[in-house]
Amino acid sequence: MNNSTTTDPPNQPCSWNTLITKQIIPVLYGMVFITGLLLNGISGWIFFYVPSSKSFIIYLKNIVVADFLMGLTFPFKVLGDSGLGPWQVNVFVCRVSAVIFYVNMYVSIVFFGLISFDRYYKIVKPLLTSIVQSVNYSKLLSVLVWMLMLLLAVPNIILTNQGVKEVTKIQCMELKNELGRKWHKASNYIFVSIFWVVFLLLIVFYTAITRKIFKSHLKSRKNSTSVKRKSSRNIFSIVLVFVVCFVPYHIARIPYTKSQTEGHYSCRTKETLLYAKEFTLLLSAANVCLDPIIYFFLCQPFREVLNKKLHMSLKVQNDLEVSKTKRENAIHESTDTL
């Protein structure tokens with residue numbers, strides 16, 4: 001997991017354009033933070049009223065929590081990268097905040113994979129009942145996912161235990177001991193592997209569902225396939241989000257990690273890999289703004305509760321306007337009488 005906080009490259013002497021790393025990227029993260037906090041706050045409020053009656057709803061609720069926690073790390077990155085905060089902020093990002101960011105990003109990725117598996121099982125294997133579709137199993141699996149991700153990530157916090165050599169130029173890799181640098185590299189490879197496995201499974205599930213829908217349509221040519229088509233579109237939307245938000249970062253991730261931990265890269269190469277990593281990571285962070293849209297299209301109970309809350313709000317507003325109009329009419333009538 002990349003604990004690089006200041007977006008300065010690790011080995012000196014290397015210099016680069018700070019306009020990108022200290023101004024443009026922090027501003028963009030600030031925009032993502034505000035938008036994501038608003039959308040995920042609303043999503044969390046809506047899901048509070050949605051019963052956990054199905055596996056995929058449980059998985060969606062876990063994604064809401066992961067996105068919200070991930071979004072809370074953005075202000076620290078903004079303060080650290082822009083130089084607006086004290087040097088202790090950069091140390092905190094290296095040791096804690098960046099780890100939380102990546103844990104929650106991969107938790108979200110895994111749960112999207114589980115949602116796709118749930119949809120696949122429901123459509124392609126509808127006659128088979130399985131414990132993996134039970135609510136209790138989904139809750140247990142959710143706990144195991146969080147525990148696994150924390151198990152992989154927490155050593156990055158513990159092993160980032162070296163003192164700060166220069167407060168004006170804090171490099172995250174310099175805060176790690178020897179074992180910490182090795183774990184950093186190994187955990188990166190593990191997390192990247194998890195992503196590519198989930199992404200390939202998404203493609204397999206989507207392909208299988210599409211084939212099933214096509215065969216059902218040829219056999220029946222009835223509206224009974226409309227629900228399956230909707231599920232296919234839902235999984236396609238998840239695949240699309242993966243392609244836009246996560247694939248670019250995971251293409252850039254491995255070469256950037258190697259440039260951090262190996263010494264034979266030129267400054268120009270390090271700079272290029274740094275910019276590639278930062279902008280693709282920003283795309284991954286922007287996923288917290290897209291997930292609430294997926295909730296709306298993927299989860300019917302979510303839509304129902306949202307519509308109910310909106311109608312209640314509109315009703316209260318209309319009642320207030322009617323009450324205000326009645327009071328004004330009563331005042332006018334009393335004035336006319338006088």
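Including glycine, each Cβ sits where the backbone N, Cα and C put it.
With respect to the membrane, Swiss-Prot annotates Ile213 and Leu306 as residing on a common side. Matching Swiss-Prot disulfide entries to the candidates Cys94, Cys267 identifies the partner of Cys172 as Cys94. For the disulfide-bonded residues shown (Cys94, Cys172), fewest C-beta neighbours within 10 angstroms: Cys172.
Counting Cβ pairs under 8 Å to the transmembrane segment (56-76), the top-ranked stretch among 30-50, 140-160, 189-209 is 30-50. Each of 30-50, 189-209, 235-255, 279-299 was scored by its Cβ pairs under 8 Å to the transmembrane segment (97-117), and the highest score goes to 189-209. The transmembrane segment (30-50) shares more Cβ pairs under 8 Å with 279-299 than with any other stretch in the list 189-209, 235-255, 279-299. Helix, strand and coil counts under DSSP for the topological domain 'Cytoplasmic' (118-139) come to 15 helix, 0 strand, 7 coil.
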